[in-house]
Amino acid sequence: MPPKQHRHQKKDKNDNALQNTIGFVPPGATLASVSGYRPPDAFVNRIDRNIPVPARLRHTPVSLIEAVNDFHYAMMNDEERNNFYYEVLKKHVTPETGVLEIGAGSGLLSLMAAKLGAKWVVAVEGSEELAKLARENIRANNMEHQVKVLHMMSTELKSKHLPEPPDVLLSEIFGTMMLGESALDYVVDVRNRLLKPTTKIIPQFGTQYAVPIECDALHRISSVSGWRDLDLKHMMTLQDTVSIVFAKHYGIRMNSVNFRRLSDPIELFRVDFSSSNRNDIPRRKHFDVVAKESGTAHAMLFYWKVTDDEFVMSTDPEDTVNNFPRDMQWGQALQLLDASNGPLPTPVVFTEGKNYNFECNFSGDRVILHMQLCPESGNGEMTECEGKTT
């Protein structure tokens, strides 16, 4: 039977409390009653009045247009991503299966579930514009009898909006950093309120990795020492060794530049979306890293792998060589490294076989993290980091 129809009803104040605990709000989402929320600016207001803007774009939130053109098209054309979801869904969807998707976007994954014969599919999307387009896509595929789109945040979703508790919870709300779009928090919220113990969560597992790398190409665009006989090193005072930057924002694909991994991958955390919670990831963790090669660790490279059954979806540069869309939607992330907290950054130099202690600090919502090399003691042993942490 098709899902019950509901108008977009007045928000419960408890919805606000739920949403305010989650760090990421998707582009174009409508959250007028959430604390600190500002209505999205219309695209036409960002364009010089002498430049013509098509009517289809004029009043659309600028953040949504930027997001769709920045990564949504690439995401929908990532064949390996699409096949990952289709193959996992194929193992779990039957004519008796009810499917709930959160962060539905274009509705593609919900359409997959319907195509595979799900009894009903409810697609939840926080952006009014995307929800409308998802409905159009569903109508274009003659699946409106199976798939219903609800314009609301998943934190606003109630059991009354669903025909029954879903058999499958489906989502693809990962960022360049695996939890960069608060994927765990959104899944946990729905899991705690709306799922039954037997609900299959797709995908189920995910692991965030980091690895120190030597990369001359990155070094040349993120630092300076001088030109000919001119000393310019004081410009390094402003080098950002705190922020995590997406590789594509540097204008590079990591698999198209030469770099060396100076250690084995560091498993920062592992998540089981069917049981893990935010607090399962400590706010601070230490990692002993053994150098497998000597060299200068210019940066920490971040990537993730999501798995379900035998299927894997990965942003490791080795796994995206032939997947340009994957690198344009997610790619990898980088954090430049500093061996000290001095007036100028100090290179992190690795010696093969030597042990290095790194500290990883997470933001309260676990969306943001930072890697820091702990200094050596006088006897050559690594010590606890002394940088500012909370």
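Yeah, the Cβs are placed from backbone N, Cα and C, and that goes for glycine too.
Now, the feature entries from Swiss-Prot:
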ACT_SITE  Glu172  active site
ACT_SITE  Glu181  active site
COMPBIAS  1-11  compositional bias 'Basic residues'
DOMAIN    55-372  domain 'SAM-dependent MTase PRMT-type'
REGION    1-20  region 'Disordered'
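Rounded to the nearest whole angstrom, the C-alpha distance between Glu172 (active site) and Glu181 (active site) is 10.
In sequence order, Phe24, Pro26, Gly103, Ile173, Phe174, Gly175, Val367 are the residues of the chain that are 6 or more apart from Glu181 (active site) and have a CB within less than 8 Å of its CB.
For Glu172 (active site), the Cβ neighbour count at a 10 Å cut-off comes to 22, with all displayed protein chains included.
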